[in-house]
Amino acid sequence: MIGPAMGGYLMKAFGGISFVLMAGLIVAFIWLILVVFFLPESNTHIQAGDPSADSVPTPSAAKFKLSHLNFFGALSIVFTARSPYVTSSALPLLITAHFMTIFAVGSQGIIVLYTGIRFHWGALQAGILLSVENSGRLLALLMVMPVVVSTYRRYHVGEKARRAQERQERAKSDNDDDEVNHDDVIEEELRRDKTQDVQLNLWLTRFGLSMSVAFYLAFALVTAGRQLFAITPLQSAATLYTPAMRSLLTSIVGPTQTGAVLGAVSVVEAVGGIISPLVFNMLYSKFVYTNPSVPFFLCAAALAAGVVCLLLVRPVMEPPRTGRRGEEAA
């Protein structure tokens, strides 16, 4: 949060980037010392002599296979996993939208260059802008996100109480078997809760990505440097996308598939992190003297495509019943 502003200040104070690099090296070394010597270990059961730890194979004992080098093999889960809470095409659409988001992150590397040539800013002003953006993101995560979730929870609890009262009223005139009713009610409530959580995360991702589109469009169209600070709330609101997307990707699949989905997400993020800087640096170098805003228009277009993908994702509200009631009706 304070790193960009501090780096810009150090560059201005010492007249070069050497001191900034040295300060970064010192901070990284301090972090390494904290991790190695002060953070708690995760292998306490091994240190305590847990016999079950001996049965766990070590990576060195595993046989090496060429199939392990299949970098894109982790993406197969995207096309094979099925979720009872969303449509069958939901996971590929979500991964595509997430790739667009990671792709747009590559434009952050040219912000300092863009503000320098467009508004004649130095490293200090650009660093302050980045620090303000990061501060807004932190406030959105610490203040806005909890308020949104708690408001939704209160509404959801009220709806749940209303449905429970309706079921009690229907039960007075219903002569069906109580055990069957109880099982069906529990299953229906669990599914409804899960589906509504998926729907909340889906709307948050749509809102966050839409705010990112508005931010990059405004960033490309501003005519004065001070206007960049005025549009930072859009970037702060866009921060709601990240936790909502993580929750959405892990909640629509079963517990046994969560690790595979996160692996696919890591592959997508790695590919996007490699491609995006190359694309945006090439575009910026090509249009720097004619229209340096082109990379940010490309960001807005890519994120708009991601919004379209999210709009195509639909939660499954009422699945076909396959329980005992369906068998008795047959």
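Cβ atoms are placed via backbone N, Cα and C, with glycine included.
Feature annotations, reproduced from TrEMBL:
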TRANSMEM  12-40  transmembrane segment
TRANSMEM  93-117  transmembrane segment
COMPBIAS  163-174  compositional bias 'Basic and acidic residues'
REGION    163-182  region 'Disordered'
TRANSMEM  200-222  transmembrane segment
TRANSMEM  228-249  transmembrane segment
TRANSMEM  261-282  transmembrane segment
TRANSMEM  294-313  transmembrane segment
- Among the ranges 93-117, 200-222, 228-249, 294-313, the one whose Cβ pairs under 8 Å to the transmembrane segment (261-282) are most numerous: 93-117
- Message: Take the C-beta pairs under 8 A between the transmembrane segment (294-313) and each of 93-117, 200-222, 228-249. Which stretch has the highest count?
- Response: 93-117
